[in-house]
Amino acid sequence: MSNINKAVGDHNDTLPEVSSQEEPDPLTTLSLLLIGIFLSLLIFLSIAGNILVCVAIYTDRGLRKIGNLFLASLAIADLFVAALVMTFAVVNDLLGYWLFGPQFCDTWIAFDVMCSTASILNLCAISLDRYIHIKDPLRYSRWVTKRVAIFSIAGIWLLAALISFVPISLGLHRPPLPLVYHAGDLEYPTCALDLTPTYAIVSSCISFYVPCIVMLGIYARLYCYAQKHVKSIKAVTRPLTSPSIPAVHPSSSPYHVSDHKAAITVGVIMGTFLLCWVPFFCVNIVAAFCKTCIPGMAFKILTWLGYSNSAFNPIIYSIFNTEFREAFRRILTAHYPPCCCKGYSSVTITLGETKPRIGDQMKQNGRRDFSPRSSVGSLRQIRVNSTDKVMNEEISAI
């Protein structure tokens, strides 16, 4: 949240006096240009990815599920972070002063706090929704209805607005003495937020620490439940033994593949979230009590690291899902010329020609092979395929 960044960075670093006749350093100019390009690319990826998620959920009937309402809310929150917060943060951080007026400064800071908080709370709601869906799928449709989901999302945004717009409207974000950026004889205002320790602790707990503890507990239980589910399926679908059928190697069985995929999915989800937000909120608490303990440049880097979570969320929560991948592919290739889709049509023709060939071969033989070897192998294949389908559904829900 660059709202806190602006206060700490400006309090920690004394802004230098810049002479009006001094020429800018070419190295500094090049560094700012490269940083601006990198941050602009991050903003573009975040906006494009979250818009793609919203369009996919809106246009694809298969994605219009109750659980995906939380994904849509997350995408909207991350879209607001990129469009309403990150775009102005780039200008503010690169120039070193606020260019858009004092009234819009308050609005921008409020949106910064609200959208970042809503994004994290939506992540927590998604983890809780998926836990209920996996733990008790039979009662999921009764507990998580469309009305419950809409009221939950409304509560998330209301809570995010209460801890952002209300304190800012009461003037809790303003320091006693406004910070001013001096450039020669000119003075430029800064957009700063000086947090009291009490407000910093309360807002950080609501925005991050409580949702983070909930998510850690939920995903830990999800992973343990996935491992337990894999073991139970192993016990039910033990490989059938036959002298004429070779045994399946354990390392290549679908159980180990699914278990490994579940571990990777949970690790990516929690690892990315913790990597992006833990450093910022730890420094946030320290900076509330000690204004000179955190360098301004370090605070800016950690702030943008938290912003980057809005670009990673569409990848983690959507790209890893097969249904979203197919929807994205359909959206991105919808207006392409027919010559670009030859690969898909050729696959369809090949699959269509395969079935008649198999039927003709069976007719030529005049009978089907119902030997013990083929029947046992078919039974094993059916059980392995059904097991793999069940585990894929469980892991995709994570």
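Each Cβ is built from the backbone N, Cα and C atoms, and glycine gets one as well.
Caution: TrEMBL annotation is automatic and unverified by curators.
Range with TrEMBL annotation region 'Disordered', chosen from 1-23, 346-368, is 1-23. Between the transmembrane segment (148-170) and the transmembrane segment (69-88), three or more CB pairs separated by 6 or more residues in sequence fall under 8 Å, so the two stretches touch. Listed stretches 108-128, 199-224, 262-289 were compared with the transmembrane segment (69-88); the greatest number of C-beta pairs under 8 angstroms is found for 108-128. Counting only same-chain residues 6+ beyond the ends of the transmembrane segment (262-289), those with a CB under 8 A from a CB of the stretch are 1, 4, 8, 120, 123, 195-197, 199-201, 204, 207-209, 212, 215-216, 219, 222-223, 226-227, 298-299, 302-303, 305-306, 308-309, 312, 316-317, 320, 394-395, 398.
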